[in-house]
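As structure tokens, the structure follows; a few thoughts come after it.
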Amino acid sequence: MATSPFRPVPHPPPPDSSTDADLLRHLLSLSLDVSSSQHPSSSSSSPLRINPNLSSVPRNVKQLSFLFEELLLANQDEDDDHDLALPRTASLCFREILHVLHRLKVLFDDRDCRSRAFVLFRAERIANEIHEQVVDLATFLDILPLAELRVPKDVRDLLRLLRRQLRRTSPAVDPAALSLRRDVLELVAGVESGTVPDRGALRGIFRRLSLDGLRSCRHEIERLERDIDDCVVDDRSDSSIGAGGSKSPFSEAEDLAVPADFRCPISLELMRDPIVVATGQTYDRESIVRWIGSGHATCPKSGQALPHLELLPNRALKNLIARWCRDNNLPYDVADTITSTSNKQDDADGATTGTNKAALEAARMTASFLVDELATAPSTEAAHGLVHELRLLAKHGSGNRAFVAEAGAIPLLLPLLRSADAGLQLNAVAALLNLSILEANKRRIMHGDGAIDGVVHVMAEGSTWRAKENAAATVLSLCSVHSYRRRLARHPRMVEVLMQMARDGPTSAKKDAMAAILSLAGDRENTGRLVEGGVVAAALEAAGEPEVAEEASAVLAAVARRGGAEAVAEAEGAVARLVGVLRRGSDWARESAAAALVAVCRRTGASIVAELAAVPGIEWVIWELMGAGTERARRKAAALGRICRRWAAAVEAERTARFSAMSVTAASTTVA
């Protein structure tokens with residue numbers, strides 16, 4: 001979710017170096033802030049109530065504030081603010097509770113500044129996000145050592161009751177809210193079909209949305225406009241792959257023909273968060289995580305064994321899905337609820353359902369006309385306009401991409417990659433990127449005369465960074481076919497220009513370059529070329545930038561597992577940089593950093609383990625990752641812990657043996 005300039009953001013938690021008294025004051029202040037959160041969706045008396053369980057969370061947090069007040073009052077009675085010293089376990093628990101309350105504050109502030117309609121149509125996501133924090137809060141209260149705290153018995157009883165209440169919460173959405181959402185969908189669908197809405201039904205919906213006057217309606221419209229602006233995806237390049245059962249509120253979702261490329265091969269539903277696995281296939285994150293979590297180690301679509309489990313966001317495809325949803329009046333965040341009933345069709349049915357044959361024929365004729373005109377374009381200006389139209393046509397639907405390619409557009413686009421006109425070059429590479437999403441077009445591009453040379457030329461000497469980013473995204477798209485990875489990496493300048501983008505480009509360019517490098521690293525044969533090209537140094541440098549740390553850490557993990565562990569180990573500051581990602585990175589970045597450290601430690605010997613064990617606080621970092629990381633991150637953290645313990649045991653055994661040998665030698669000398 002993008003951060004809106006209108007959305008309030010709470011103050012961050014205090015630093016770990018703050019005193020226990022400061023910690024309690026922050027906890028008290030934050031708990032009072034959370035307990036004051038109000039929104040029509042959280043009021044038990046409001047007609048719009050998203051979740052009856054979670055609506056009590058602010059009241060529960062208010063009860064928690066009594067504990068902090070008692071501890072501060074007990075300290076004030078002693079007349080010395082600096083003597084307050086909580087037991088270490090309690091202090092750690094309180095700091096974790098502070099982070100949970102901070103996240104709750106962010107979620108409640110975000111919800112409170114949203115429109116009622118936005119909250120209604122994202123009810124499941126909002127409820128799940130809040131419920132996750134409630135579960136964390138209950139967990140920390142469970143391990144809080146109440147017996148070591150000087151609080152009255154009634155406060156202890158209150159906390160025990162509070163723990164039980166938090167444990168009973170559920171993320172389930174109120175059936176009344178679901179019913180209201182269905183009624184809104186039916187009303188909007190009727191308006192779209194030309195039916196005049198019933199005045200009584202309309203008044204009932206407004207009442208259930210707590211819109212009871214002109215002022216509340218105007219306020220709702222203003223908030224809804226801001227929410228729509230937040231949901232609009234930035235069309236950085238039409239499709240920047242940086243990699244790549246309800247109806248919508250504005251249309252009959254079940255009547256939409258969802259393009260086959262936008263459906264997850266596992267669930268057959270519209271992808272909410274498309275990601276690329278090691279084989280280059282794209283799946284919805286939720287589906288593939290569930291597949292891998294159930295013990296599978298193969299690609300569901302191709303059947304190939306997964307050499308690694310990195311999941312790379314396909315930002316280009318996500319942008320295209322969002323654009324398609326917007327063009328069909330289907331908000332992307334609501335589009336994920338489309339049922340598979342309308343999606344369980346083969347590609348042919350998906351291309352024709354909801355779209356008549358005349359429209360398809362018109363699209364085919366349009367593509368053919370544009371390509372014919374491009375072939376005889378008399379000037380750069382004319383070519384510019386035609387390529388732009390082809391780019392727009394290839395943005396939507398596998399059918400359009402097939403029509404454009406079949407008409408012969410690709411051979412005409414490839415020479416334009418070297419155009420001196422910045423706009424023409426950008427449109428040409430963006431059109432090629434859009435076409436490459438279709439599987440059949442990947443082969444046409446790879447077999448095109450000078451295709452790889454042209455893409456490399458744009459990455460190296462492109463007129464704009466947007467053009468370079470689209471070229472890198474095209475490389476990533478082509479790498480989804482495993483056999484093309486080696487061909488692409490064998491180009492004499494491919495690795496060089498990607499390294500240049502990763503080092504010198506803006507953040508978006510670095511992300512695209514690292515994503516393409518990660519895809520190339522999926523083939524063991526490419527590891528040597530990548531290492532020689534300086535990928536380790538470039539990835540370590542990028543890992544220090546929070547915006548690129550995820551892709552850079554994944555690159556290091558992939559290289560380390562495929563023969564490049566020694567190169568990672570020998571790089572200056574590699575262990576310290578990876579540990580830094582473990583401390584401060586996102587969940588996916590920490591997971592990849594842990595995987596890289598495990599691969600390096602297992603493949604390079606005791607020296608790198610000794611360097612890792614010497615990092616201050618590494619035991620705490622590993623322990624924290626085991627408790628709060630993703631499932632794979634927890635496994636990797638456990639493996640790191642075992643490696644460190646075995647190394648320590650071996651060092652101790654060696655020291656003991658050396659001491660014993662010295663003792664025997666000394667005894668022999670004495671006897672002699």
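Think of each number as a place in line: the chain as shown, counted from 1.
Heads up, the Cβ atoms here are built off N, Cα and C, so glycines get one too.
Annotations in TrEMBL come from automatic prediction, not curation.
It is 1-21, from the ranges 1-21, 43-63, 232-252, that TrEMBL records as region 'Disordered'.
Across the domain 'U-box' (257-331), the DSSP tally of helix, strand and coil residues reads 25 helix, 12 strand, 38 coil. For the domain 'U-box' (257-331), the mean pLDDT of the prediction comes to 80.
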